[in-house]
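Since the structure comes first, as structure tokens, the remarks are kept for the end.
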Amino acid sequence: MIELAHVSKRFGSEIAVNDISLRIPKGKFCALVGTSGCGKSTTLRMINRLIAHSEGEIILDGASIETYDPVKLRRRIGYVIQHTGLFPHWSVARNIGLVPRLLKWPSIDVQARVEELMQLLGLPVEEFGHKYPHQLSGGQAQRVGVARALAANPDIMLMDEPFGALDPITREKLQDELAKLQARMHKTIVFVTHDMDEALKLADHLVVMRDGRIVQQGSPLALLKHPADPFVESLLGGLERGLKQAALTRVKDHMNSLGSALPAQSRIPADFSLRQALSMMLRDHSDRLTVVDQHDVPVGELSLRKIVKEAHLDKGNSRE
Amino acid sequence: MSLRDALPTPRIHRDGLNPNAVLISLSIVMLAAFWTLDMVSMAPNRIVLGTGYSAPAAFGWPGALLATLLFCAISFLAWQPSQRHYQALLAAVVMLMALMPFGLIVSSFLLIEPELAQARLGLGAGYWVTLFILLLCLVELRLRLNLTRLWPTLLLSGIALVWWLCATLWLDSLALVQEFKARDQLFLRAVGQHMTLVGIAVSVSIVLGLALALLMRRYARLQKVAFTVLNFLQTIPSIALFGLLLAPLAWLAVNVPFLAKLGVSGIGTTPALIALIAYSLLPMVRNTYTALEEVSPVTLEAAKGMGMRASQRFWQVRLPLALPVLLEGVRITTVQAIGLTAVAALIGAGGLGTFIFQGLGQAAMDMVLLGALPILMLALVVDAGLGALAEALRPGGAR
């Protein structure tokens with residue numbers, strides 16, 4: 001668990017982070033969102049003591065981070081940055097094995113762990129192990145960056161705009177993979193991004209920052225439903241908000257049981273989002289969809305009227 | 001105007017047809033030098049000034065015509081330079097360079113009477129110009145053929161081997177060879193001294209340079225002072241610096257017996273080394289400092305964020321990443337020191353400079369060459385060797 005209590009950071013007379021308080025329970029994914037210069041990156045770097053905070057307290061697993069040796073603290077926190085920060089003179093395998101080697105793991109264990117992680121992140125060892133960072137594409141390099149951060153199996157991961165420099169397709173692919181990894185590993189993740197869609201897609205807990213202060217925090221759905229002020233609303237996409245909310249809601253939470261009426265032609269899997277359902281209705285000129293399970297067996301029915309009517313109800317964000 | 005005419009002509013096609021102006025003009029200059037300047041000179045003994053001989057007289061008509069044919073072939077091939085023509089050009093240039101010592105063997109047969117044991121063959125202006133232009137051709141061909149540094153080095157080593165074999169086996173009459181034979185022990189000792197002086201000066205300046213660069217990174221104020229002093233040292237003419245050291249060091253040697261015991265004196269090795277180190281420090285410190293500063297801050301920040309200690313960050317990240325630029329500094333420093341050490345002979349430190357200054361004093365140009373050529377060779381070898389090492393140490397073997 002990470003807890004920030006009234007934390008501030010001054011650079012000379014300038015105040016970069018202003019009295020923020022934040023609790024990130026174990027195993028949760030917290031995204032810090034805001035425009036550039038809002039202090040989100042500074043906040044992240046205060047957690048692993050790359051920047052010392054000026055006021056307040058940062059507590060990690062019950063103890064103030066100032067009681068830890070900074071080097072040991074950083075070794076138990078995974079750290080991923082935008083431009084990967086891979087060492088250009090080391091091979092991929094050596095880069096990934098860095099922290100375990102710093103922790104003096106036996107070399108056999110290091111090697112096994114490196115191979116395991118490369119497997120996990122879709123980088124075959126035979127093909128990539130001996131390659132150097134400059135021989136990798138942006139997406140591959142950032143996979144290595146993530147693998148390096150995961151190497152010593154830390155409970156906490158700090159990610160500073162990890163996908164910011166990637167093209168949209170690669171970015172989306174890596175986001176999906178991160179979501180899958182997180183569903184399996186339940187790390188405590190602090191994720192900095194300026195991309196609200198990325199934050200909505202990945203986070204359990206969303207923190208919107210502006211000028212060093214927290215403007216609003218809460219679950220993605222809560223923010224979408226009740227943005228605190230016009231700034232948060234504009235970050236959330238203004239008029240697009242409804243669709244973004246729909247993207248976070250599963251079809252199965254809004255479907256009716258199969259009625260006696262003839263089932264609709266268009267079929268949608270139950271774990272798709274309402275946004276995808278709406279898109280399908282528009283495409284197929286239909287206000288009804290048949291909901292199917294993973295074996296393509298009809299299990300329910302979705303109607304446009306019901307979705308619209310229930311839009312304000314708090315019915316199931318699958319990540320809550 | 002039809003559409004076809006409006007389209008740009010593909011460039012690659014045109015490039016292939018464009019005559020290579022560089023090689024053509026070089027070969028024309030070479031041809032002119034070959035036929036107008038003296039190729040060799042012959043003197044009955046060391047004292048007398050030699051008489052010059054033009055190409056046909058020196059190499060005989062067949063030799064002169066063979067060389068002319070090769071020059072014309074270079075012009076002709078360079079007129080329509082395709083990849084294959086460039087390869088043929090390289091072969092022609094290498095062949096010319098390898099044939100040059102055989103030309104000298106021919107002239108020693110043609111020009112020197114067997115009964116004149118003292119007679120000596122000197123190299124004429126035309127011979128030097130031809131050699132120099134052939135080297136320029138090699139540079140141009142290296143660029144056109146996109147060869148790595150290693151290739152010309154290998155080719156030149158091969159050519160040098162041919163020259164050396166010719167010189168030891170058949171070219172007793174060549175003045176350079178005679179100068180060498182008259183003092184072969186001295187020559188070897190001078191080479192040894194030269195390399196020792198350079199070696200000590202460069203190793204000391206590497207250590208001092210690294211230490212200074214590290215201190216400068218720690219104390220920002222030192223940086224300005226140190227660079228000002230080093231820049232100032234660099235502006236003193238080398239002969240003046242050797243002279244300036246004479247008085248204080250001689251005084252020290254007389255007044256501090258301990259230092260005199262260590263070998264400190266006004267002339268000789270000590271002042272030479274001090275001056276060499278003073279000159280070597282600037283390129284060394286400047287390159288080391290920039291090399292260490294230029295390492296990407298993102299990489300270093302990542303290293304810190306991963307939990308590497310300051311010493312681990314320096315030895316495992318900063319230094320290895322700085323190494324190629326740092327070695328570049330060592331290369332520049334060493335090449336500079338090899339040249340400067342020649343001047344050190346003036347204050348009795350020995351080395352190859354001895355021959356240069358003795359030769360100048362006796363107006364024996366071949367003796368000057370005996371000192372100058374090995375210095376040139378040493379510099380070239382060190383330059384190529386350290387350059388290749390720096391290349392090999394680039395992060396990840398490339399980039």
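Just so you know, glycine gets a Cβ as well, placed from its N, Cα and C.
Listed in TrEMBL for this protein:
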DOMAIN    B:191-386  domain 'ABC transmembrane type-1'
TRANSMEM  B:21-37  transmembrane segment
TRANSMEM  B:57-77  transmembrane segment
TRANSMEM  B:89-112  transmembrane segment
TRANSMEM  B:124-143  transmembrane segment
TRANSMEM  B:150-171  transmembrane segment
TRANSMEM  B:191-215  transmembrane segment
TRANSMEM  B:227-252  transmembrane segment
TRANSMEM  B:258-282  transmembrane segment
TRANSMEM  B:337-357  transmembrane segment
TRANSMEM  B:369-390  transmembrane segment
Leading contact stretch, B:21-37, B:57-77, B:191-215 vs the transmembrane segment (B:124-143) - CB distance under 8 Å: B:21-37
Which of B:89-112, B:191-215, B:337-357 contacts the transmembrane segment (B:150-171) most, counting Cβ pairs under 8 Å: B:89-112
Remote residues contacting the transmembrane segment (B:369-390) - C-beta distance under 8 A, at least 6 residues beyond either end: 149-150, 153, 156, 160, 176, 179-180, 187, 190-191, 194-195, 198, 323-324, 327-328, 330-331, 334-335, 338-339, 342, 352-356, 359
Leading stretch by Cβ pairs under 8 Å, where the reference is the transmembrane segment (B:337-357) and the options are B:57-77, B:89-112, B:191-215, B:227-252: B:191-215
Remote residues contacting the transmembrane segment (B:57-77) - C-beta distance under 8 A, at least 6 residues beyond either end: 23-24, 26-28, 30-31, 34-35, 39-40, 85-86, 88-89, 92-93, 95-96, 99, 103, 106-107, 110-111, 124, 137
